[in-house]
Each structure stands twice: as C-alpha cells, then as structure tokens.
C-alpha cells in the first residue's frame, strides 16, 4: 500500500520524508546525527558482488535524493504489537532496556541492521553498532543485557572475570540466599531469531540498479544531479563550479568530500598527512590532463579550504610503501573517547637511518591547534640527524613549545590543555619509537640497560614508562544485580520484575509522543527569536523582511497577549514576551523551515547595557545551624579552608520541549497536547479561566525536571499564537534552542571552613553555598534549600552551619533537575571529608566511617529524627561486595609500577530525603478508578510517565488491590497520565476506593478473570458504583528556618557506592573500571524498574561529574548547544563492571508496601567517579613530589585531569605568558 507525495527538495533529509508518510517511529532528537534517535536501515544491491548491503544511517542527515535504488526500513517495518514483534524489539523490552522509550526505535534499528549483516554478532560488533546511539534514561546496561543474547556464549563474556556460567544465563556463581534473586528476565522466554523471516530486498530495486543513466531531481529551490560516469561529473563540475559535491559514488568520492570539508580537528586528515600521500586530480575539461598534488600541510590553505580547484575531481590516491626504518603513529584526545571531535590530534612519522637510532627525517602534524593543520617545520628540521634519546626529547619539547602557540582567544578554548597535549603526544611518540627501536635491535644484546647498534646506544624503556603507550580498550558494560524475593503468593504482582507497561509499543515505534500527533488542518509552526545579548534593551523591532517571506503568517510580540504577559512565582515576576529588556519574540509560518528562515530575517536592535559585577542575590537567603561552630573551631586540632565548584548540567532529554495548541470551537477554549511535568499560566496569559484549558499528556521522552517550569511559559506563548491566529500551532524546539532557552542544573560554588582532630574526627564545619540562579528565580530557592538540608549527608558533625545564596545573573534561568539540589549539597560535605582525610594521611573511607551517624535514634542538623541503621548496612555491604580492601591494595600496587597511568577508588554513603520540605508540594491530587462491565479497569492519576515506570507500578498495585491476577486479560488496565510522583499509588488507601473494592470483591483469594467479570456484572446489577476517587494530601513537612529545625522529609532513602577509575596522566583521559552500588529501596515494588532507576541516575551523575561541561562566551552566550559540543555519557563511558544490589530486609512504614522513592538520589553516586579520579591524580602528584592538596572542580574533564597531573609538559604549557585578549570561553 502506498501513496504519491510531493516533497520540496529543500527538505532533503530522509527524516522529513519518513514523517511525511506518517511513520513516526523514527524520532527527531538533535537534527545533527549526534544522538541516533532517527536511525533507520538502508539496503542496496551491489551488482558486482551480487549481494545486498545493509547499513544503519541517521535519517536526519541522509539526503533523500541519494537513496535512488535503495530500500529504507524503519522500526515499523520489522514488527508491531498488532502483528508480530521482531526478536530485537522483544528483547530490548523484556530486558528492561526501554524507559522513556524515545531512543528505543533507534537502538532497535541499529541492532537490527547488525543482525541482518551478522546474525551471530560478537560483543565488539554490538559495541560498534550502538556507538552512535545515545540514551539518557537506562544507563545502557539493560540494553546490552537484551542484545547480547544474540551472541554465541563463547563470544559473550569479555569482562575478564573467570566464571563457570556465561552472563547470557543471567546469573553468576556467587553463593546466594534462597530469597535472593538475580533474574530480571528469562532468556528462555525470548523468540528465537530466524533470519529467514526478515524482509526481502524489493526485486524491482534490483532491476533498477541496471539503469546506468544520469539522474536529476529538481524542485523550486534545489537541483540534485547524480552523474553515472566520470565524464559526466567533470562536465557538471565545469558547468556548476560553485555547487557542492555532497557525496561520492565511490570511496574516492567520499574521500574527496572529507578533504574539501576538512577541519582543523579532523583526526583522519591529520593522520593521512603523515602518510605522504599524493593525489591525482582531473582537470576540466578532461582533455586538459591530470594534475598531481602532494598531500601535505600546504594542501590545506585555510579553515575549510584546500588546494583543490572548484572544477577538479579526485581520480586516485597514491599511498607509498613504507620503508624498513619508517614509523608512523597517530594520537587524539576528545571530550569523550568515541563519537566526539578531537580537541587535539596528531599524526607523526619518523624515518631512521638504516639500522641506527639516528633520525633521517621527522614529520609532526597537529590538528586542533590552529585554523588549519599545523606542521612543526622548525622542530622537525632541528631534530633531524640527532640520536633518538632523552636529549632529543627535551629539545623537542622546547622547540614545540616555542613553535606552536595558541592565543587565549583561540576558538575552542582550553588553551593550556591543548598546549600540553601537543607536548604529551610528542612524548608518547618518543616512547613508542624507543620501544620499536629496542625491539628491532634486541637480537644483538638483551641484558644491558642500553642496547648498542652500529656504535649508537638505544636507551632501554623503563618498565614503569610502558604505561605511556597503552591505549584504553572500549568495552561493553557487564554486571550483576541482586534483589530480595518477598515471601508472597505466586499470583501477587507486587515486588516482581515486571516489564515496563509500554515497552513493546516503544520498541515498535507505536508509542505516541506529542510531536507524533498528525498535523491538524491549517496548522502553523512556531519558532522563537532569542536575544543575542545577555543584558540589553530592545530599541526597535522590524519584522517586515520576515513577514514578506513566503509561508510566514505573523510575528507576535508582547502587545498581542490578550491576558497577562507575565507569571508570578512566589513574588517574583517573569515576563513571557520581553517588552524592553532582552529576549523573546516569536514567528509563525506554514512550515517549520519557513519559521526558522523568518527568524534570520527578523531585525531586532539592542542598546547594550553595562555589565557589572556586584553582589545580587534572590530572596530568601537561607541558613541552618547546629551547635556552636566557633566553639567547635576552638576545640579542633586543625582548621582547613577550601572551596569546590560544581558546574551546571544540561537535561538533554531525548525529546525536546514542545507542544501543540489547538483553539477550541467555543470562545476561550484551548487544548494543549504537551510534554510536561507541570502545566499552568496558560489561562492567565489568555485571560480565560483555567477550566477552559485542557491538557493532554500521554508520555514524555525524558524530563529529569526540565519539563516542569519552563514548559509552562512555552505553553502560554504557543497558546497565545494559537489564540491570535485562530489556528493550531505546533512548537517543537530545536536541540540548540532547547539548550539555550531552558537551561539546566544550577552551577554551585561551595566555600568551607572545617575544624578536625588528628584522627580525622570533624568537630565543626561552616559551609557557604552560592548557586547561579540565572535571570529569574524559577525553583532556585527550593533547590538551595534542598542543598542545605542535605549538607550533613550521613555524618554527625556536632557543630555545623550552612548558608545559601542564590545569585542573580544575566543568564537564562536555571531550573529543576534530577536530584533537585541534593547532589550539590551532598558533594560539598564529601569534599570536606576527602580533604580532611588527605590532610590526616588517612584512607578516606576510614574518615568517612568514623564520622557517620551511629545511634539508632539520630537527629539531622535540622533536628529531624531518623535511624541510620540501613545506611550503615548499605555501607558495610558495599565494602564487602566491592571487595574494597583487597582492591585498594591492588590499586596501590598498580600505581607503584605505572608512572603514566594511575588508579583511584572511592566509596561514599548517602542519606537522601524523599519529598518536598514545603508540605503543599507533597499533595498529589486526585486519582480516579473506573471498573467497566467487561472487567477492564481504568486508573487515572496525577503522575506523568516519563520512563520511570509509574504506570507499570500503578498497574501492579491496582491489580493486587483489586485481587486480580496480572495476566494478558488484565493488561486492559490502562493509566491516563497527566507531574512525577510515585506517591500517587497511595490511592489504594483511600477509604472511598476501599469501599468500592469491598462492595465488589468479597473473596479473599485471587480470582480468575472470568470470575472477576461475573462479580463486576453482579455489582452493576446491584447498583453498586464502579467508580471511586481518592486524594492523597502527602505528609506534613516543613522547616522553621529561623530556628533551624523541622521535619523536612517524609523519610530517607539510603545507599552506598564504590567506584574505581584509571587515568592517563599524559592526556587526562580516564576509564571507569568498576562501580558497585548497594541501594535501600525498602521493599521494591518492581526490582527491574528500581534497578533501572538506580543505574540510570548513576550514569547521569557520571556525566555531571566527568564529561558534561557547559561553555559560555565572555558575552554570556551558550557555546555548547548540541551533541557535537555537549557530551552526555555514551555506551563506552559506562563502567566495565556495574553491579547493583538492592538492600535486603529493608522496610519503610511511611510508604506503600514498604517501598521507597528511588528516581532522584542516585545521581549523587556519580561523585564516586569524581573522588576516585582525584585519588588517582593525588597518586600521580605524590610520585612527582607535589602537594596532594589541589583544586579540582566538577566536572573532572580530561582537561582538568591533565593539568592537575603536573609534569614537564604542563609546566612548559604554562611558561609562556599569553597576551591580554578576550578569552574564547569563561567559567560560569
């Protein structure tokens, strides 16, 4: 079944075409090929090999015209819930690898393509196939658990541990108690893979490949020509000299495209320069002959420019044979080890005189240190003819430092780091060649420190220096998870690892998100005009050029708002459309592309305002104090002062923010189809009552707090546009705009003064917190309060004082993020403990343990009673399960024998408050239970499904409350969702609901669906209401900030985490080796979902503390606005071993079935990676005789790690004083 459609070639991507035919399973995550959400399979027939080639491509970047003769398969084409699931779809769902589900179709298609090419893949094959797919929810481990079941068992386990059973059997050989399980899913239940059932390549496309003529596609604005012969291409190049050649029809064509679009950060280009290639180029016309060009640094004439003429075509590449004494090597360092542009890369070649260690010639090429590729000509000249020894190394470092310089304003920033990498790469190359020489001549003399060859000494490589040559190997995460099996009936669904309720629909692309809703007739697209200044006044707005563009309907400003152009939040006013100062106006067009083009033509002039630095804080300022801090300082043996900076974090939910606003048929009515955790403001903005606004929320493609406050303003703006035009308006933020407008986690600065004893006991601590709130208050004050309330973590410090200040700045307002200030507050006190341990010369875990709460009845610093028993159990079990003591000795042994690689370990406890310290925030609202005559049940509640599995848990609880067996029949239990809170499932306690249930169900044993249906019909005939409502007002919490006391939280969730890392002291790269988590979740309602939340939160924290770095220009503009600049953890960033254990025999009388909230706390566990890195750096500094006290801010990026491991290279990088100039980026 098919249909004809017209696509303007201006929209040349495959994604646009896929959406145009209604295939919404392919998701739009970034528009730049950086997330993999839009992955599809493209198949082509090769007439030479007479075979079909399958490849996974990102639809957002694939030109549609390049697919002539190809077959495209989307996630809908391989299986569905209405027909039959493909094994890939089934396994990712049943292995709990789909949470919010937005990335799932892309994951499925990457794995499906791999299986089409290789039905029995290895683990390495899976790693490579998924390298370009990002997930923000799961932490990747469950995705791998599902996909590795396609491997042969002998190919699967690659984590280096000797076990009797393969991890495919979903178990390991540890001795487990009878009530402890590790089985989250059953491999035996999976559908076997049968390649004979896969889709066949369309035979008509095989026939079409035989067509050998030139193809031409043309629309009003674009012309696409696909020549079949070289002569055709040369003629076209002569005719259209300014037209780009987008893709070659062969390897040479792709190579030419890479060369012409070369970048100074291209690792490929830097490497091939060292190969001394020569290129054969055709001249136009063809009769003019062939020109040969040497591929060297002169070939690249500037940024994005080469010596290729517009009409030239690359015909051939000549790769010369290497010589016997010629060696080539390449190096790169990026923000993330894979799927990231290089910060600096290098290609190096040395030729030695025959059978000697004397340099005949040397080539050193660097990328990322200038607008084009750089060759260190003078250094190469000066080192030629010299002996390859330590004097050459020292001279090379000196010469490179002088020859290659970087201005502080150099694009990309990180100037000192890039300088140090230039020298570090040369050192690595020196050591590598030294080892090569030693191996070449080892046949002549083996037992000397120096080896002589032709009268020339070759220095031996000290064993501890060999670590400079090893490279990190990317590995898939492996691990174990254990949970307690409750003593319950086999028909009781609560406490069992049930699959996410919508996992199958998410894996097949059937799950609908807001942007999947078909377009309404006459629908408009909205785009926002954002400010180009951090602080300025608007002097004029001229939209005439934008309005004159075809398809542009209107341009809306503050004057068009029918109601209030502002929102009031605890006394703070935030404007929706800026009238005089700063930023937002919007345009509406008949297509999304027109809307974006209109923005570029909207002329807004600004009058700059002075930027000044002063102390400007939002109110209220908060303070908590226990004991007498000054008295504690007097009693202490030592006083330590310091500070820690924590950078912000972007939510990077896979689904960007947006909504569809549809005007109602009657005056004032408005329907919103929106991805939100919170909806308000629209009624005030439109000047109508809230009861005229209807919000539809099916699910969110990730939220993490970012879709609470920001979407409210976005909804009001979009609704205003719909009201103004009388037409439906769709707003879908581009990834860059989403990051710019919505901001993220608050950056924090903590300054502390601590008094401690010789044995590490802390008597007093005074900590001051400063957060960057941005230009409006948003939820900054609540987040600061959360940080202060968590400043003690699990430690009993007799005298403790904390003060919190929310700084007002000119940046976009920061907002809620998973953890809600908890990670910042907890990390500051952990830094205090870490530094005290270093000063005392004691192991950090000992100092932490001696300062923990111990008494059964303990009081927090805000005088809330709690028991630390389960926290101490988590701590001791984590020490045991991680084998901490033995592994710590192994780390010390490793560090003693490796000079350039160091390891570190860290273990921390956690006490995390659940709920809000403001009592009214804990109310969930109403829940509605309807039982229908056919026996199906509808549960409506006030929660929002965004991947955490709230609907799944609601179904489990509702099933046991209704005494139903969770069978396929009861899958009709569905949940209409509308703000995140697992507390909603308290509805079962509501008296009205219980009255309804008791009237219906007077049998104490579980009943079969047929009998349940009989009961329902009988109740209906007896006129018993089959509907009930419930309301849960939440716990009574609150804090008296003047008296520093109050029950801030309903209860606490506890845990402990241990992590081990390894760093490369020469580049700052690091590898996460192992993480062990023991988590108290009470009695888990669903272990699979809870473990998924634990691991997903940890991996998000891993990004927060290591690689996720936001960069701002000196003018306040955000520079990191997409996946090419901002890196969240990818598959290879996850610890090689990730073990998660749910604490046994844990109870919680304050929540349903003794469960606990788990979605927020574990982000903090990412700090174990941070402190382990700090331990590794300290080991490196200790070996060099440097102070073990040093500043390391979060995130601990490769740059910060490298510069903290001070050595000759970093000293040389800082020795040249830069000229005063405006830096490329500043710290915020």
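Glycine residues also receive a Cβ, built from the backbone N, Cα and C atoms like all the rest.
Residues or ranges marked as domain '2Fe-2S ferredoxin-type' by TrEMBL: 1-78. Here TrEMBL flags 1-20 as signal peptide. As annotated by TrEMBL, [2Fe-2S] cluster 1 binding site applies to 30, 35, 38, 60. The [2Fe-2S] cluster 2 binding site annotation in TrEMBL covers 100, 103, 135, 137. Residues annotated as FAD binding site in TrEMBL: 314, 332. Here TrEMBL flags 677, 704, 818 as Mo-molybdopterin binding site. Marked as substrate binding site by TrEMBL: 820. According to TrEMBL, the active site, proton acceptor annotation covers 1160.
Features recorded in TrEMBL, as mapped to the structure shown.
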residue: 30; record: [2Fe-2S] cluster 1 binding site; Cβ within 10 Å: 23
residue: 35; record: [2Fe-2S] cluster 1 binding site; Cβ within 10 Å: 29
residue: 38; record: [2Fe-2S] cluster 1 binding site; Cβ within 10 Å: 28
residue: 103; record: [2Fe-2S] cluster 2 binding site; Cβ within 10 Å: 29
residue: 135; record: [2Fe-2S] cluster 2 binding site; Cβ within 10 Å: 30
residue: 137; record: [2Fe-2S] cluster 2 binding site; Cβ within 10 Å: 30
residue: 314; record: FAD binding site; Cβ within 10 Å: 20
residue: 704; record: Mo-molybdopterin binding site; Cβ within 10 Å: 31
residue: 820; record: substrate binding site; Cβ within 10 Å: 24
residue: 1160; record: active site, proton acceptor; Cβ within 10 Å: 23
Which site among 60, 100 has the most other CB atoms no more than 10 Å from its CB, taking these as binding-site residues? 100
What number of additional C-beta atoms lies within 10 angstroms of the C-beta atom of residue 818 (Mo-molybdopterin binding site)? 24
Roughly how many angstrom lie between the C-alpha atoms of residue 704 (Mo-molybdopterin binding site) and residue 103 ([2Fe-2S] cluster 2 binding site)? 15
How many other Cβ atoms are found within 10 Å of the Cβ atom of residue 332 (FAD binding site), counting all protein chains shown? 24
Take the C-alpha atoms of residue 137 ([2Fe-2S] cluster 2 binding site) and residue 1160 (active site, proton acceptor) and report the distance between them in angstrom, rounded. 12
Taking the centroid of the Cβ atoms of 30, 35, 38, 60 ([2Fe-2S] cluster 1 site), which other same-chain residues have Cβ within 8 Å of it? 15, 27, 28, 29, 31, 32, 33, 34, 36, 37, 58, 59, 61
Consider the recorded positions 38, 60, 135, 820, 1160 and say which one has the Cα lying nearest the Cα of residue 314 (FAD binding site). 60
Secondary structure tally of the domain '2Fe-2S ferredoxin-type' (1-78) (DSSP, helix then strand then coil): 14 helix, 21 strand, 43 coil
One of the recorded positions 100, 332, 1160 has its Cα closest to the Cα of residue 820 (substrate binding site), namely 1160
Roughly how many Å lie between the Cα atoms of residue 818 (Mo-molybdopterin binding site) and residue 60 ([2Fe-2S] cluster 1 binding site), rounded to a whole value? 29
Spatially, which candidate from the recorded positions 103, 135, 1160 is nearest to residue 38 ([2Fe-2S] cluster 1 binding site), comparing Cα atoms? 103
Residues flanking the [2Fe-2S] cluster 2 site, with Cβ no more than 8 Å from the Cβ centroid of 100, 103, 135, 137 and excluding those residues themselves: 98, 99, 101, 102, 104, 136, 138, 654, 701, 702, 947
What subset of the recorded positions 30, 35, 60, 332, 1160 lies within 10 angstroms of residue 103 ([2Fe-2S] cluster 2 binding site), using C-alpha positions? 35
Cα-to-Cα gap, residue 100 ([2Fe-2S] cluster 2 binding site) vs residue 35 ([2Fe-2S] cluster 1 binding site), nearest whole Å: 15
Between residue 135 ([2Fe-2S] cluster 2 binding site) and residue 60 ([2Fe-2S] cluster 1 binding site), find the distance joining the two CA atoms and give it rounded to the nearest Å. 18
Any idea what the Cα distance is from residue 35 ([2Fe-2S] cluster 1 binding site) over to the residue listed as 'active site, proton acceptor', rounded to a whole Å? 24
Using Cα positions only, nearest of the recorded positions to residue 332 (FAD binding site) (30, 60, 1160): 30
